[in-house]
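Worksheet: one structure, shown below.
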Amino acid sequence: MKRHHPKDINLYSETLSNYFNTFLVANISLGTPPQNFTMFLDTASSNLWVIDSKCKSKGCQGSPGGISKHVFDSTKSTTFINNGQYFSINYGYGVVVGNLGTDTLNLGGISIQNQTFALAETLADPIGEQPIDGFLGLGWPNLAVDGVIPPIQNALPQLDTPLFTVWLNKRHLTNIDPAAGQITFGALDTGHCDVSTIYYIKLSSLTYWMFPFTKFQLGSYTNAKATLAISDTARIGFGVPQVDFGGIIKFLNATFDSTNNIYTVPCNQINSIPEMRFTFEGITLHVSSSNFIVDQELGNGLCVVTVFVLNGGGFGPVWIFGDSFLRSYCNIYDIGNKQIGFAKALH
């Protein structure tokens, strides 16, 4: 929705929901009259797609959690144009296939005319089983499949400042949190972020929201080798290289749960575990243990270490900063200055 600012700044924002402490979602609409969708918010991809009404995949019919899917019926939109172009995107854990079309998109109160998006006719099961109607990619144009211009780029002419801000609350609910955070388009989120001090870092790449950091520390474990990180709203916790994963698990003395494929520590130890420390260009940011060790209601007094192993993905050792970091710091995605900013999250 559009919120009016005393200085008449065009400030657009959308409340974010969190499904099962795993899926950060936002609402959009497409078409005339508008058809509503619940979208996976993803700063690590750049395409917009929704489920086509013609989709026959099992995942198009509903998720195992009982959440029904919304599908786009192009015949009911007077502004839809079929581009006739085949579309396929691979997220690493599954492929989405369909065709491209163009229609009016409403994103956080912003009306974007002639937005190209994909109508998914086939979903891989791991994607179809998620409680979402599609993906809203917020990465850079160079990351977009088929050269499609991402929605945020098309929205820029309507924004006072070419950026968007994401804030998350500190709750870790295991069902549905309808007010898990907020995305603000065109301005800083002064209501949820301490904007008196913002740490800006130039991006290393205009594909992902990728940036360098020089040191990581958790208690007695330290890695002072410079590396890269990606800000990713679609991931929980932290994705880390194998060497750092081993160091973190060893320091935490975490136990592997083979049934759930997770590492755990006793919940009553969380407050005694030190914070993670990340050094960027001379400044150090801190993530408390309560943001990377989470009570997922396992029922046995154990809490989950939300750290997972990455394989490098072709860019060398790269970290992924997911929701654990976003709960600690608002992420300011500054398109105009090609940088990312971090401001302490207010809770």
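In case you wondered, yes, glycine gets a Cβ from its N, Cα and C as well.
According to TrEMBL, the feature domain 'Peptidase A1' maps to 24-343.
Per TrEMBL, the feature active site maps to Asp42 (among others). Note: Asp42 (active site) has non-local neighbours Phe135, Leu136, Gly137, Leu138, Gly139, Asp232, Thr233, Ala234, i.e. same-chain residues 6+ apart with C-beta under 8 A of its own C-beta.
Under the heading active site, TrEMBL lists Asp232 (among others). Asp232 (active site) has a Cβ environment of 26 other Cβ atoms inside 10 Å.
The DSSP secondary structure for Cys303 (disulfide bond) is strand. Under 8 Å, Cβ to Cβ, and six or more positions away along its own chain, Cys303 (disulfide bond) finds Thr264, Val265, Pro266, Cys267, Ile270, Ile293, Val294, Asp295, Gln296. As annotated by TrEMBL, disulfide bond applies to Cys267-Cys303.
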